[in-house]
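Asker: One structure, pasted below without further comment.
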Amino acid sequence: MSTPTAVGGESASGRPTGTGRRWPHVLGVGAIASIYATLYSAYLLGLHATLKDGLADVGEYDQAISGYAHFMGPHSPFIGLRGPGDAGVLQLSDHFTPLLVLLAPFYWIHDGPETLFIETAVLSALPIIPLWIYARRAVARFGHDGRFGRTAATVSAYLVVIGYGVTWPLQMALWFEFHEVFLELPILMWAIERAHAGRLRQAALISLLLLGVKDDMGFVVALFGLYLAAKDATLRDWARLLRRAARRPLLLLGTLRRRDRAWFLALVPIGLGMVWLVAQVLLPAFGGSPNRDFTYTEFGPTQSAALHAMLADPAHTAHTLINTPVKRQTLEMLLWPVLGLCLLSPLSLVAVPLVAERFLSVNQLYWVMPYHYNAFLVPIIFCGGVDGALRLSRWLAWSWRSAKDKPAVAALRGTARRGARSLVASRARPAVARIEARVTGRYPLAISALMMAFAAYVAGYGWNTFARYPMHHMTMASFWNTSAPSVVAAKQAAARIPDGVYVAAATQLGPQLLSRDKVVMWGPPGDRAYPAPSWIVADVQRSSYPFTNVAAQQAEVRRLESAGYRVVFQSDGWVVLHDPSPR
């Protein structure tokens, strides 16, 4: 029997079988990734050029990466300043993201947020490559081994990545401009792809990079280790193992210590240990607080008390995940891009900590659809969706077998079970294999067709919902309007700020000054413990975070004037104030 081959010059196992058929897909996937990277870059740079971006997070990460690029510490005045001459608080005290150093070399070309936006666009498009490889291999492995099967695998892979490129969690993250999630996307996607290819140790090593992305990524690494250890086991295998372990607990321990699983299970203590190390040791060492992100006061006043309460009452904990309409809506919308089929995949195990830490929190910003939080789940949703769709397709196709073959297979299997070592059983096994080969020979065609239909839905859903989410604004002329009076006035205000000075800027204007000044956020008194700046750029006409209303902004400008600041520019609501006294 011939070895089944997948599309793009790879076998069903993912091994190359030739280069002639590979290059068209290298170019095709590269073209899609490049198109999306260009689209994302245009969107982010358009936001920046028309002052639709903001200083929150962009300021923090841009300043930290600039520090790395100049071979200094990742200092960020945005996070905090001890004095006008201080370099700023270490970014690692706010979010443990040492992998930002990988973005620093590109700042040698241009030191400014524009570089960060282009890097964000590229990082967002990079997962297209492993996702395409994953989807093509998955469909080709179990699909039809003819021309239709190869075409179905190829088309399915292309449709899935097209849907990924406009999926709403990614659009919401891009609307937020930059966050650690853009480092997580390609790392987790490649780790999942390598696991699917059977390169489990490569997958484990790649997943360790997540520890340098964000404080809580250790939970994901731990669950990914469990996924790798259990990857090739069926639910029946685990049910059988647990039944035996209930009678002989040491059996479970011995199974988990098997050499082929111990390496992956080591990710569990590594991941959990890193979460503790970052929160209790590294963040405080860099000047942060170990309780900065504790938002689980519904369960207890401290971390240990909250964890004990969650484990002591699992029913209440589970109910808390869905106890508000906002939570239920967000979870529902996360499932729609893949029809919820990701829930049929063991990969959904990896999503548990990402969902639990958000929906068990009392911070309502974690529950909603805007912002970047949902994008962390995108690799799991799409790879799990493909895997779940394949599992469902295989089950449906097998259920459509000829009725006359079902009793034959069942009878012969029964004969083989009853006489495991008998001559009858040894003769029955080839008969079972022949009948199953005849039966299974009919369902790969159905699998290929079903998977192609699923992939068409993924792409169609993504583009059908495109108009509901931020990137559709690119289709409007107003998105690109840099000659609007407010934009022109804002750039005139920015031009009045000298280079290299310490300035507090309204959030919309702050990114324009990052490449040449020490920038902090302009806000109400007491909002952030910044020393008094020499220059201030205020907005008294449009709402500017962290103020709650325009009236408060106007009152703050009046207070600054009474404190000795002098207005040196005013136009269309933009006000530049300067304190001439030496600081």
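Cβ atoms are placed via backbone N, Cα and C, with glycine included.
As annotated in TrEMBL:
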{"type": "TRANSMEM", "residues": "23-45", "note": "transmembrane segment"}
{"type": "TRANSMEM", "residues": "116-135", "note": "transmembrane segment"}
{"type": "TRANSMEM", "residues": "147-166", "note": "transmembrane segment"}
{"type": "TRANSMEM", "residues": "204-230", "note": "transmembrane segment"}
{"type": "TRANSMEM", "residues": "262-283", "note": "transmembrane segment"}
{"type": "TRANSMEM", "residues": "334-356", "note": "transmembrane segment"}
{"type": "TRANSMEM", "residues": "376-397", "note": "transmembrane segment"}
{"type": "TRANSMEM", "residues": "443-463", "note": "transmembrane segment"}
Asker: Output the single range from 147-166, 204-230, 376-397 maximising the number of Cβ pairs under 8 Å to the transmembrane segment (443-463).
Answerer: 147-166
Asker: Pairs 6 or more apart in sequence, C-beta under 8 angstroms, 3 or more of them: is that satisfied by the transmembrane segment (204-230) and the transmembrane segment (116-135)?
Answerer: no
Asker: Using Cβ atoms only, state whether the transmembrane segment (116-135) and the transmembrane segment (334-356) have three or more pairs under 8 Å that are 6 or more apart in sequence.
Answerer: no
Asker: Could you check if the transmembrane segment (334-356) is in contact with the transmembrane segment (376-397), meaning 3+ Cβ pairs under 8 Å among residue pairs at least 6 apart in sequence?
Answerer: yes
Asker: Please report, as numbers and ranges, the same-chain residues at least 6 past the borders of the transmembrane segment (23-45) whose CB is under 8 Å from any CB of it.
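Answerer: Sequence-distant neighbours of the transmembrane segment (23-45): 7-9, 53, 114, 117-118, 120-122, 124-126, 128-129, 132, 154, 158, 161-162, 165, 174, 177, 470-471, 474.
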Asker: Go through the chain and flag residues at least 6 beyond the ends of the transmembrane segment (376-397) whose CB is under 8 A from any CB in it; none is fine as an answer.
Answerer: 127, 131, 134-135, 138-139, 142, 160, 163-164, 167, 169-170, 181, 184-185, 188-189, 192-193, 196, 334-335, 337-339, 341-348, 350-351, 354-355, 443-444, 446-447, 450-451, 454, 458
